[in-house]
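To start, the structure under review is shown below, and the notes come after it.
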Amino acid sequence: MNDLDPCVFVLFGATGDLTRRKLTPALYALHREGLLPKDFVVLAYARRDKDDLVFRADLKANMAEFAPSIPLDKWDSFEQRCFYVRGEFDSPEGFAALRTKLESLDTETNTHHNWLFYMAIPPEQYEGVVGHLGAAGLSRRGMTEQGWARVIVEKPFGYDLETSRHLNAALLEHFTEDQVYRIDHYLGKETVQNILFFRFANEIFEPLWNHKYVDHVQITVAEKIGVEGRGNFFDATGMTRDVLQNHALQIVSLVAMEPPVRLDANAIRDEKVKAIRGIRPIPREDVHKLTVRGQYDSYRHEEGVPPGSDTETFVAMKFHMDNWRWAGTPFYVRCAKAMPKRTTEVAVQFRAIPQVLFAKMKRDEVQPNVLVLRIQPDEGIFLQMGAKQPGPDMTLHPVNLGFLYRDEFKDMPIADAYERLILDTIRGDASLFARGDEVEAAWKLLTPVLEAWKERPHDVQPYFTGTWGPEKASTLLEPGQTWREP
Ligand SMILES: NC(=O)C1=CN([C@@H]2O[C@H](COP(=O)(O)OP(=O)(O)OC[C@H]3O[C@@H](n4cnc5c(N)ncnc54)[C@H](OP(=O)(O)O)[C@@H]3O)[C@@H](O)[C@H]2O)C=CC1
Ligand SMILES: O=C1O[C@H](COP(=O)(O)O)[C@@H](O)[C@H](O)[C@H]1O
């Protein structure tokens, strides 16, 4: 056991997809590994007529469906920690009953009035639930002497700049920013966290990490799958809102940021928000030159997608950075579904050599160095170098230096991102969570682009499933640059 604060994990959305697919396995895995606080209980607040026993059976069924490989050897002790209270989201009486239940759990289970509220619910319900928590005295804004209250909010954090500001204001009416944990599950991925370690624990790369040595950076978030039955949700959202605004921009900020003054939540997030603010706004007249949208061929036949939909399943953007470190080094970001493979990577392409020694070779025979941070799958880091191919000729051959997590950390499987992030909320460490100003900075950059796209809906280019997207994406690149095939 550990010295984490005891607490109650109050779950809103106990029957939802996120709870079934992600939260149940993560909570149980943490319990099984002995990583939860000794005194820790899960309390679901939901509208369906159930009791503790039915709720526990449902959780067990989630494990069978979504995490069958995790042994249930410690299930009995886990389910003893799980409770259910019935209530509506719009009922003050329901929230009063929740308060009574919390207080009785605090006494019975020694959870010290520490409450963690998880919003695994549709975003349109956030404001109402948070308001009721405030009205019932559960948010305990600014009160610390009686234990802590924290709220975990799931993406999307708004739909554009205005709605994100509205959501932040609604949260801050009842909680302080320090109490709010906005989850972006990419930040819980081991290899995304490793971007920070790789950059700031290795002296050799930091001097090269700037416009003088880096020609450009490519960030790819590619999924092999299409919308997989989520057509309704996805068609109203699109790839830009679903992935680029959050996951991809979080990666951009970690790659582009300056070293934080210390490794704490606000110092890290101060630098990340500066990095996002450093991206040059895309003027309306340049939107069609700096962004490309695509849609995979069978998208309009997916369930829930209207026949004439112009929603993008592929998006690529070119970002110029208006800061000292990256001036003149573009960042290319592409996020897409129905790609040839599932892969997320950062490729830092260094500048070409001056060509003096190899003047007789064609330019593209001397490939510039590329550093690839592979975030998933086959997590690892590779540095592409040029080496002499054995033999009588002076032939250059690209080779890789690198490591794979699965070889290097054999007995340390990579945990699911939700495990790490839930643990951090209990620890009270918000380093891997998006702060309100970061989210707003991202929307400030993208909202004008989304607005401009509305005027040119037919710019969405078709592409074949299993290809790297529309040809037009290459028009974003500068001469001599090509999109990588990860
Ligand atoms: N699913 C995923 O993989 C991911 C989800 N998210 C985010 O997580 C959140 C939840 O998503 P997801 O689980 O997919 O959503 P679901 O629609 O599957 O689940 C919603 C949950 O909220 C409950 N709920 C909705 N309205 C009410 C209401 N008026 N009163 C009481 N309960 C209500 C539902 O209860 P009931 O069963 O009674 O209707 C259900 O438990 C969303 O914000 C989503 O964007 C983020 C990343 C990934
Ligand atoms: O948030 C989301 O992310 C997933 C991709 O996550 P990954 O961990 O599998 O890379 C994406 O499929 C989904 O549309 C989006 O909402």
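Note that Cβ sites are derived from N, Cα and C of the backbone, with glycine treated the same way.
Here the structure is a predicted model, which means the values were calculated and not measured.
In TrEMBL, the substrate site is described by His185, Lys189, Asp242, Lys337, and among Glu162, Glu206, Glu223 the residue recorded at this site is Glu223. Mapped onto three states, the DSSP output places Asp17 (NADP(+) binding site) in helix.
Closest by Cα distance to Thr15 (NADP(+) binding site), from the recorded positions Lys189, Glu223, Asp242, His247, Lys337, is Asp242. Neighbour counts were taken as the number of other C-beta atoms within 10 angstroms of each residue's C-beta; across the binding-site residues Asp17, Asp242, the minimum falls on Asp17.
Among the binding-site residues Arg47, His185, Lys337, the residue whose Cβ has the fewest other Cβ atoms within 10 Å is Arg47.
Cα of Glu223 (substrate binding site) to Cα of His247 (active site, proton acceptor): a span of 13 Å.
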